[in-house]
Each structure stands twice: as C-alpha cells, then as structure tokens.
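Chemist: Please see the structure below; I have some questions.
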Amino acid sequence: MPSLLLLFTAALLSSWAQLLTDANSWWSLALNPVQRPEMFIIGAQPVCSQLPGLSPGQRKLCQLYQEHMAYIGEGAKTGIKECQHQFRQRRWNCSTVDNASVFGRVMQIGSRETAFTYAVSAAGVVNAISRACREGELSTCGCSRTARPKDLPRDWLWGGCGDNVEYGYRFAKEFVDAREREKNFAKGSEEQGRVLMNLQNNEAGRRAVYKMADVACKCHGVSGSCSLKTCWLQLAEFRKVGDRLKEKYDSAAAMRVTRKGRLELVNSRFTQPTPEDLVYVDPSPDYCLRNESTGSLGTQGRLCNKTSEGMDGCELMCCGRGYNQFKSVQVERCHCKFHWCCFVKCKKCTEIVDQYICK
C-alpha cells in the first residue's frame with residue numbers, strides 16, 4: 001500500500017511539474033529581457049538556470065549558445081508586438097497578463113489565436129537571429145552564404161552581407177521546438193495533438209520569414225549611373241511577415257489527433273494544410289466576457305469605433321452590451337512650416353473628440 005501511495009504521489013508531482021512548465025514560456029524573455037552577452041561573464045550555467053520559462057532542453061541550448069539569448073528575447077518581443085498590432089481591433093487583442101506565462105491561460109487552449117501566437121513568435125526568433133548574424137553579433141554565424149540566384153543578371157555582383165536566414169531558421173527550429181519535442185504523451189492523446197499543433201505552427205512561422213526573404217541590390221557608378229549592382233539576401237519587413245501569418249490565421253485548418261498520433265482534418269472536404277499553414281485543435285473561447293478559467297479578459301473597457309461595421313465596431317466589439325461615450329482631448333502637430341535651412345516648425349493643436357468604450 002505505501003508503495004502505491006508513493007507512486008501516486010510521484011505521478012502527481014510529475015503532472016504538476018509539467019503543468020508549471022507549460023504555464024511558463026520562453027516568451028517571457030521578451031518581458032524579462034536578457035542583457036547583452038556581458039552578463040554571462042559570471043558563468044553560463046547559473047544565469048541560464050535563472051532565466052524564466054525555459055524547458056530543460058532550452059536551458060541546455062542556453063548554456064551552449066549564451067550570446068544568442070538576448071536575441072531570442074528580442075525575437076519574442078518582436079513577435080508579441082506584431083501579434084498585438086494584427087489583433088488590435090479584435091475582441092482578443094493579444095494582451096500580455098504577466099511576466100511568466102505572458103498571455104495567461106488562454107494559451108492552454110489550442111485555438112486559432114494560440115496558433116497565430118506560436119507562429120509569429122517563432123518567426124520573430126528567425127528574424128532576430130538572422131539579423132544578429134549579419135551584424136556580427138554572434139560568434140557562430142556571419143553573413144548569409146546563400147548561393148547566387150540563377151535569375152540574377154550576370155553583370156550584377158552577388159556578395160553583399162545578407163541576413164543569414166538559413167542559420168536563423170535552423171537555430172530557431174532547434175530552440176523553439178525543444179520544448180515540444182521533449183514532451184512524452186500517449187499516442188493519440190489530446191496532449192499529443194496539442195504538441196503536434198504547436199510544432200506545425202512553429203514551422204509555419206519560420207517558413208514565413210524564410211520564404212519572404214528576397215534579393216536586395218545597391219547601385220554603384222558615377223553620378224548614380226548604376227553601371228554596377230551589388231546584391232544580397234535580405235529579410236522582408238516583419239510587418240509583411242505578420243500580414244502573411246494573419247492571412248494564414250484567417251484560413252487556419254481545424255484538426256484532430258488520430259489513434260496513430262497524427263493530425264487529420266476535422267472536415268475531410270477541406271484542403272490538407274501544408275507546412276506553411278496554421279492549424280488548431282480547439283474552438284476559440286468566448287472573448288466577450290472575462291473568464292478566469294479560459295483566460296479571456298473580456299472586452300469591457302475596450303475602445304470601439306461607433307461608425308464601423310467591422311470587428312472594431314461597437315456592436316461587435318462590445319458583444320451587444322452597449323457602450324459609453326466620453327470626451328477626449330487630443331493634441332496634434334499642426335500648421336507645420338518649412339524654414340530655410342533646414343527644419344520644420346509646427347504648432348500644437350488641441351481637439352476635443354468623442355470616444356466610445358464597451359460597457
């Protein structure tokens with residue numbers, strides 16, 4: 001009997017440990033920024049053990065790639081900011097709630113919103129690491145070594161210092177996916193389905209950055225004649241990556257896990273998702289009202305647009321509860337004039353405008 005009690009206690013502690021690990025995330029590096037590599041002078045292991053939100057596998061990578069951690073934090077921050085931009089006019093607006101779990105319990109639901117968040121965060125890491133390589137901030141990588149594109153004109157030079165998206169992609173895959181790959185759930189279980197969903201969306205985010213990187217060129221020549229061009233590989237603006245992933249969010253595929261431990265479409269009539277598509281396994285929670293169990297913050301107190309018929313409109317944003325009107329003073333630059341030479345001088349104008357918030 002005592003041995004059975006010990007086994008039960010051990011299993012319970014293991015379950016709690018897993019829940020605690022899942023509640024925290026490497027995303028917290030965005031809210032608890034890692035200082036520049038000088039912080040590691042005191043030794044890698046103590047610092048890596050103190051960083052919040054890392055899984056065991058991610059801590060090992062931290063110890064091996066100390067100088068990368070600040071840029072992983074930058075990537076997470078970039079992803080979170082882009083998420084908040086893309087969803088600024090939605091009921092769920094990608095709000096951060098604390099420094100450990102970052103987004104709170106809402107990420108424990110395998111919804112479309114969770115799918116987007118995983119994708120855009122992984123994309124942020126690829127973006128940050130790729131740029132850091134080009135800027136010479138990391139000792140393990142440098143400028144891009146991508147082969148010369150076949151369609152590049154012969155008289156154009158290939159060899160500028162490009163963003164190292166190949167390295168950024170590989171490192172982001174190793175680091176971000178480490179948390180999911182070290183989990184061991186029963187084949188065909190809901191938990192395994194969630195792991196597969198996370199891995200799919202991580203990959204979709206990385207591929208968005210990788211696929212959207214393009215050739216950039218600079219002209220050389222007398223008086224801007226552009227008789228010669230030097231070209232290199234350059235990352236797309238991250239806003240464009242966010243726009244692409246938002247399109248993928250809108251067309252995300254509903255999936256379920258099979259007994260064989262694979263994801264399949266809930267509706268087989270739909271097109272099978274590619275590695276560049278987002279997938280989800282749970283319906284979205286009700287974001288209208290605050291709900292501690294789902295992590296929904298509700299829309300009470302959110303600004304809305306009285307004249308819009310879209311998701312930012314008061315009717316939809318406030319979920320039919322109505323809204324309150326208030327006056328707001330806005331200060332803007334106005335009556336700007338150019339003065340020779342060379343500056344622009346503006347006045348400050350105040351305007352009282354009507355604004356609306358959800359009840």
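FYI, residue positions are counted from 1 along the chain as it appears here.
Here the Cβ of each residue, glycine as well, is placed from N, Cα and C on the backbone.
What you are looking at is a predicted structure, and each value in this text was computed from that prediction instead of being measured.
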Chemist: Check for me: which candidate out of Cys217, Cys219, Cys288 does Swiss-Prot give as the disulfide partner of Cys231?
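Modeler: Matching partner in the record: Cys217.
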Chemist: Could you check which of the disulfide-bonded residues Cys83, Cys94, Cys336 is the closest Cα neighbour of Cys133 (disulfide bond)?
Modeler: Cys83
Chemist: Please classify the secondary structure at Asn291 (N-linked glycosylation site) using three-state DSSP.
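Modeler: Its secondary structure by DSSP: strand.
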Chemist: Ten-angstrom check, please: count other Cβ atoms within 10 Å of the Cβ of Cys358 (disulfide bond), all chains counted.
Modeler: 20
Chemist: If I take the Cα of Cys334 (disulfide bond) as reference, which of the disulfide-bonded residues Cys83, Cys161, Cys226, Cys288, Cys342 has the closest Cα?
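Modeler: For Cys334 (disulfide bond), the spatially nearest of the disulfide-bonded residues is Cys342.
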